[in-house]
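What follows is a set of notes on a single structure, which appears directly below.
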Amino acid sequence: HFWNAASFSTHRSYLHFPPVHAETSLDITFLFKTSAESGVFLENMGTHDFIRVQLKSPYEVSFGFDVGNGPVEMVVRSGQPLNDEEWHAVSVERSLKEASVRVDRLPREVAWVPSRGHAHLQLNSQLYIGSSVSGDSGFLGCVRSLRVNSVMLDLEEQARVTPGVNPGCSGHCRSYGALCRNGGRCVEHSVGYSCDCSSSPYDGPFCTTEVGGFFERGTWVKYEFQDPHKLLASTRSDKDTLPFERASDMPVSESGEMALLGFSTRTAPAMLLHVSSKSGSCLTVTLQSNGSLQIRYSRKGGQRIKVIHPDPRSMADGQPHSLNITRQDSFVYIQLDHYPQVKRHLWAGQNHFNPSTLFLGKV
């Protein structure tokens with residue numbers, strides 16, 4: 001599994017597996033990340049033979065081995081530190097003709113194997129991961145997706161029963177969080193990450209699938225924020241059908257709320273969004289006759305009204321547009337597409353907005 005990983009928290013912590021059978025050929029691949037300056041990734045010993053892959057310095061990864069002709073060591077040197085808490089890929093290969101090591105996209109370091117002398121690699125001790133067999137030069141950090149001769153080693157299973165080693169890794173969002181698109185939030189897991197798309201008008205693994213519907217003239221969708229276990233469903237146009245209503249649940253914040261909306265239309269005037277609260281407050285988003293956007297806050301049944309025009313341009317141009325309305329206490333921040341953010345003061349003492357009903361399309 002791509003996310004199968006283990007974290008080594010002490011210099012003397014390690015995992016062990018059966019010895020590697022690599023008499024004539026060997027290939028090892030894995031990813032690592034660390035802030036340590038050095039440490040042994042793996043080592044396997046024989047009576048005289050051995051293999052060892054280690055971080056020699058913040059800029060160097062080495063592959064050393066001996067098949068009975070004397071030790072050989074190849075070193076890949078990077079121009080940038082490898083202990084930067086980012087993922088780095090290591091690939092090691094050995095055959096009867098050559099051996100090589102590669103880190104990330106750096107050039108391979110290759111050593112040719114002499115045609116005479118010993119050629120078969122004989123290993124009989126346990127394969128140590130995260131330390132040398134002697135217990136020296138332990139690795140502090142995370143190793144992931146370790147394959148030996150194309151076989152994935154289950155690091156997580158071994159880590160669960162090994163002191164000083166934890167299954168999984170942290171910090172995936174630092175490396176892969178940018179893959180969560182369109183305002184999606186990266187959520188860290190021990191065995192990977194996921195994208196939380198709940199604060200965006202998108203869905204899917206990376207928040208790239210638009211969530212929406214096509215509204216014909218006079219149709220609308222209604223959500224009622226009440227008991228989430230009650231579900232009402234029907235559809236309506238203005239004339240003779242029932243509305244589409246759905247009971248939903250929404251977390252309430254006393255300091256503010258956020259509404260994100262994506263839309264595309266050539267029709268104006270038009271109602272995009274209307275949210276009413278149990279206290280009589282309302283938030284309404286409309287397109288005016290000229291296609292410009294209007295955001296209207298009303299309080300206590302319309303006794304106090306605040307109308308905001310964030311941009312004079314027509315949004316009824318058939319192009320996709322995105323709108324983010326965020327209220328924090330008595331201020332509202334409006335982000336329309338790539339245009340400059342608009343900040344407006346509503347009124348002092350703004351209470352939390354406890355929504356009861358939401359309409360999309362038309363009230």
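Using N, Cα and C of the backbone, Cβ positions are placed for all residues, glycine too.
Fair warning: this is a prediction, and the values are worked out from it, not measured in the lab.
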CYS169 - recorded disulfide partner, TrEMBL, among CYS142, CYS197, CYS207: CYS142
Local Cβ density at CYS142 (disulfide bond) - other Cβ atoms counted within 10 Å: 23
Protein Cβ atoms within 10 Å of CYS169 (disulfide bond), excluding its own: 25
